[in-house]
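A quick write-up on the structure given underneath.
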Amino acid sequence: MSTTAAAPTGIPAVPGPVNPPPPEVSNPSKPGRKTNQLQYMQNVVVKTLWKHQFAWPFYQPVDAIKLNLPDYHKIIKNPMDMGTIKKRLENNYYWSASECMQDFNTMFTNCYIYNKPTDDIVLMAQALEKIFLQKVAQMPQEEVELLPPAPKGKGRKPAAGAQNAGSQQVAAVSSVSPATPFQNIPPTVSQTPVIAATPVPTITANVTSVPVPPPAAPPPPATPIVPVVPPTPPVVKKKGVKRKADTTTPTTSAITASRSESPPPLSEPKQAKVVARRESGGRPIKPPKKDLEDGEVPQHAGKKGKLSEHLRHCDSILREMLSKKHAAYAWPFYKPVDAEALELHDYHDIIKHPMDLSTVKRKMDSREYPDAQGFAADIRLMFSNCYKYNPPDHEVVAMARKLQDVFEMRFAKMPDEPMEAPALPAPTAPIVSKGAESSRSSEESSSDSGSSDSEEERATRLAELQEQLKAVHEQLAALSQAPVNKPKKKKEKKEKEKKKKDKDKDKEKEKHKAKSEEEKKAKAAPAAKQAQQKKAPTKKANSTTTASRQLKKGGKQASASYDSEEEEEGLPMSYDEKRQLSLDINRLPGEKLGRVVHIIQSREPSLRDSNPDEIEIDFETLKPTTLRELERYVKSCLQKKQRKPLSTSGKKQAAKSKEELAQEKKKELEKRLQDVSGQLNSKKPTKKEKSGSAPSGGPSRLSSSSSSESASSSSSGSSSDSSDSE
């Protein structure tokens, strides 16, 4: 469909070819009706597409004469445009939403058939079609008639009213239009809702119960003000409708790419489940809320008591996840997975405990979460289900990871409270607590199920939960830093304890030596200080003490950095350290760079929306915490390579001083108690110890070697404090 400019109506009688009449927009003989799906098409799909910058060529039928396209109507036998579709919806022309979707498909297909694939108009049509498919994916699954088809002739009149009514339906969709009041509805219309109100049959199990006004109350004056039809859709949406795409559905045109190929919405609306549902519904005449989360879950849950500070924080996290800000990748998680509609026949065999954001919100509103950990467990269960069911390269998995990053970042900033240890804002807390929480959620859900299920079901559920745990741990292993820092930290701890004992034995001698050496070094230039620090591994015991005292004297940052990992996190990097970090990042293999980008984007709001493939890193603009996290990750990746140079250099030093040691071995063994490190016969441990306990290159080495995901940071920090104070 090439660019269109003017409607073909009113073409002057010019000799030569003329445009055929435009497609009909009303037909009294053709039965039509108003359904919740058609209302959605009118108020969400058409409205969204109409506002798009690429929509203008499709506003009106193609004017082949004006555009000089003599062969257009020979090639395109069924012209279609958005203006026609819009008018048909306004006139209740369609019987079901599938007819309307067919018109959209015809419009796009005509464009693709007539134009070349490289034409701009084709690219514009593709962009519109992608949005069209995304919106259709969110359409109500069950088609429910809003007005009976009987008063068809008169029923055209309130088309404008019905159009306004549609805005009530859109409460759970991103492009929401406020409901406009009904004006000047003729008295004939006032009886329509009454007719609609009579067939109030049973409501399917998954629909919330609706207060039904009695049929015997048809006061015409009140009805125009209270059009019973408009409020029906929110009731349908709130509980009974399953969103087409949940954790198994991507945003692209492959709506059901996860495990089913054909998009169900085209066939679903035709099913005759709908009969006459509750046409009048329970009518809360309130304009629809503008934000996504308010329309997603029924708001009937009354306040059952104040939320704790942590749960208030969790509630704000949930609201953010449901906000429009994250809608682009959060929408598959808004509603429970409708396995039947999506033809995912094995979904409930694989996923035993489905979870989604609307369920979490319902539980939050009804105060079902005793603490923040229960909330976090449900959120992580939702992501775990997604990772488990879908292949790792699936688009919905990428969306889940994005949304989980949002959650973990916010959850890590939980206000401190003694009871909530995993929620402390240490940088590694999300990762540590993540595994703990998923296991806790598994235990909770398995214990809940134990009371109601049989032994066999319990066993199968336990096996399934273990699989879930395994999937989460696999993901953790890929995302988290390698835990090779832990042994090093333990070793440092032992060495520090040993150091403390040595100090207790020969405290006076050590202090005397330390003072004398400190005075000598204080006179030396900064360059000499650096040289001494580099040679520190070959020096004797008290050089370690001297170095640590120098750091204390020169600036309190070094000693303060022992206090806690959090303080280490914020230590600024020197120019040399940044340069070294840059070199180390360049040494990383390609597959490790993704994590580097992830660390930067998760900690730097200004870079969060940048393209990961083309990100430019300016170390001068990065926060110290980001740089420290990068340093830890890079060191954990390069640790194996680093160990070899460390050991070889240690051997060289041992070889150099071997003869000396042989001659003075007895002397040095006698002085061993006076040494701070107590490692004269082995230079390697001394070097390792110094890199951790007395950082020769500045505070950064301390933070990189002593920071770990284990919970022993406080104990090692306190032991180093005591060693420094002495």
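Including glycine, each Cβ sits where the backbone N, Cα and C put it.
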Exercise. Looking at Ser260, Ser267, Ser564, which one is marked phosphoserine in Swiss-Prot?
Worked result: Ser564
Exercise. What residue among Ser177, Ser262 has an entry for phosphoserine in Swiss-Prot?
Worked result: Ser262
Seminar exercise, completed: Of the ranges 147-172, 589-614, the one Swiss-Prot annotates as region 'Disordered' is 147-172
Exercise. By DSSP, how many residues in the domain 'Bromo 1' (33-139) are helix, how many strand, and how many coil?
Worked result: 68 helix, 2 strand, 37 coil
Exercise. So for Lys413 (SUMO2 cross-link), how many other CB atoms are inside 10 Å of its CB?
Worked result: 13
Problem set entry | DSSP state at Lys413 (SUMO2 cross-link), helix/strand/coil | coil
